[in-house]
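Engineer: There's a structure below that I have some questions on.
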């Protein structure tokens with residue numbers, strides 16, 4: 001038993017000895033980057049685990065002693081419990097700014113556990129100068145701009161010098177933060193303890209950036225709150241002008257009419273530097289009042305393609321064009337070939353009409369066989385014959401004789417405009433022409449007129465009716481036959497042969513021969529004579545038809561009157577109602593009705609049959625109601 005306890009104690013001794021041997025010094029906390037304002041104290045932290053060596057500090061690879069009021073241990077007199085932290089009192093840039101290291105000697109000469117921390121900067125703050133902007137190697141003074149052509153890239157530099165630690169620099173375009181290409185920090189040559197911070201910005205110049213503020217902002221904890229300072233400049237982006245035309249919308253230009261008061265247009269040019277503006281009309285430069293174009297009053301010669309352009313040192317704008325199309329009503333300028341045109345029968349002629357107007361007018365020809373055509377009048381005359389500027393008449397006939405008028409029309413806005421030409425008189429020259437054959441019917445013993453119509457120009461100089469071996473000049477008489485003077489209208493003539501007391505032998509063809517300076521023509525009219533007996537069936541049929549028509553009309557009238565009578569009685573019954581007071585007492589006095597004869601009253605009905613109300617004096621009979629109404633006597637109410 002004692003042997004077991006000895007072995008256990010030996011093992012514990014060995015373990016304890018081993019732990020002592022292998023326990024080495026190590027850093028628990030090493031010094032880190034520290035900033036301090038001038039005149040303030042800075043604590044450089046350093047803590048060691050299993051510390052057995054001696055603590056010391058180095059600055060910039062040189063040992064630093066412990067001096068009361070300047071360099072003191074954090075634990076008053078000496079490091080205790082592995083805390084080697086050091087106070088740097090009343091820090092100054094010249095003495096204390098640098099790279100500090102915490103070191104510990106080895107725990108024993110034969111144990112290689114000496115420690116030395118990586119250098120940790122102690123920065124004694126120094127506020128840098130206000131930032132400034134450089135462009136093309138020159139300092140941009142306050143109020144100056146940076147001029148950059150649009151589409152190019154500008155390299156802008158911002159620097160904040162003589163600061164410790166180096167300032168942190170940002171860029172802003174108005175309120176938009178920009179990303180700098182790079183920032184470098186370098187110690188000043190003449191003052192190595194302070195730094196020059198330099199930020200480079202690659203800026204793409206666009207038209208939208210023109211006139212915007214570019215700001216360089218340097219951040220440093222030594223600056224007063226809010227701990228940054230700015231430097232500003234304005235971007236002056238040059239670009240070729242872009243123009244636009246203002247002053248009139250599309251609908252105004254589309255309905256611009258001659259005689260309007262004025263039209264004012266302005267050429268607005270957006271460019272940097274400020275551009276020079278000019279106007280062109282149909283490609284030719286025109287004098288204007290600067291960028292404004294004023295047309296007053298509006299005339300048709302103002303129509304054309306107007307262009308606006310501008311130029312500056314950055315370039316010339318594209319031309320912006322608008323079309324001014326001045327509208328004006330139509331006017332017929334010429335019709336022809338002459339005011340009077342003579343054409344041979346069955347020939348061809350062409351009439352032409354020319355008119356001006358904007359929009360280009362449409363054409364309409366009207367033909368009036370008689371007097372002058374009056375178009376767009378209350379009593380319109382003339383027939384439309386063509387809607388083309390040229391009216392071609394082929395195979396001319398006497399029907400095309402007369403006056404022709406051309407009307408030119410267009411539409412401006414919502415109004416229709418038109419202008420009528422003077423009339424062209426077309427005279428068709430030729431021999432008499434008409435229907436070669438005609439027919440007529442007559443009753444035996446009656447009179448009949450035979451007609452033949454024809455046209456001729458020049459007028460006929462001779463006309464003769466012939467039948468059988470008889471011949472009758474116009475005008476003239478021969479027994480029962482009379483040839484009347486012809487009636488004329490628009491170059492056409494109507495000849496009449498009057499036959500009295502027609503006989504069956506008069507049924508034949510009667511031929512009219514007419515001649516003028518251009519030739520002659522014949523026209524036959526066949527007469528058919530009917531016996532009077534043939535008229536009896538026709539007359540009987542006409543009488544029967546008339547009787548049936550009268551009968552139908554009578555039935556319609558009677559039905560309508562009966563309907564009106566029923567409606568009248570209903571209305572009369574409603575009108576006979578009398579409204580009496582609620583307390584009125586009346587006693588009807590109905591005179592005794594005389595007995596109704598059986599012949600009038602009719603046979604008695606079966607037992608239980610209803611009695612007509614008119615016979616019993618029923619109050620709903622209109623006749624009885626009228627009698628009772630006449631006999632009603634109002635009495636005052638009785639008092640109980």
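Glycine is no exception: its Cβ is also placed from the backbone N, Cα and C atoms.
Straight from TrEMBL, here's the annotation block:
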COMPBIAS  591-609  compositional bias 'Pro residues'
DOMAIN    25-116  domain 'Ig-like'
DOMAIN    131-233  domain 'Ig-like'
DOMAIN    241-323  domain 'Ig-like'
DOMAIN    330-427  domain 'Ig-like'
REGION    589-617  region 'Disordered'
TRANSMEM  538-557  transmembrane segment
Engineer: Within the domain 'Ig-like' (131-233) only, compute the mean pLDDT.
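Structural biologist: Taking every residue of the domain 'Ig-like' (131-233) together, the mean pLDDT is 93.
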Engineer: DSSP helix, strand and coil counts for the domain 'Ig-like' (330-427)?
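Structural biologist: Here the numbers are 3 helix, 58 strand, 37 coil.
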Engineer: Is it possible to list how many residues within the domain 'Ig-like' (131-233) are helical, extended or coil according to DSSP?
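Structural biologist: Grouping H, G, I as helix and E, B as strand yields 3 helix, 61 strand, 39 coil.
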Engineer: With DSSP as the reference, give the number of residues of the domain 'Ig-like' (241-323) in helix, strand and coil.
Structural biologist: 8 helix, 46 strand, 29 coil
Engineer: How does the domain 'Ig-like' (25-116) divide up by DSSP, counting helix, then strand, then coil residues?
Structural biologist: 4 helix, 41 strand, 47 coil
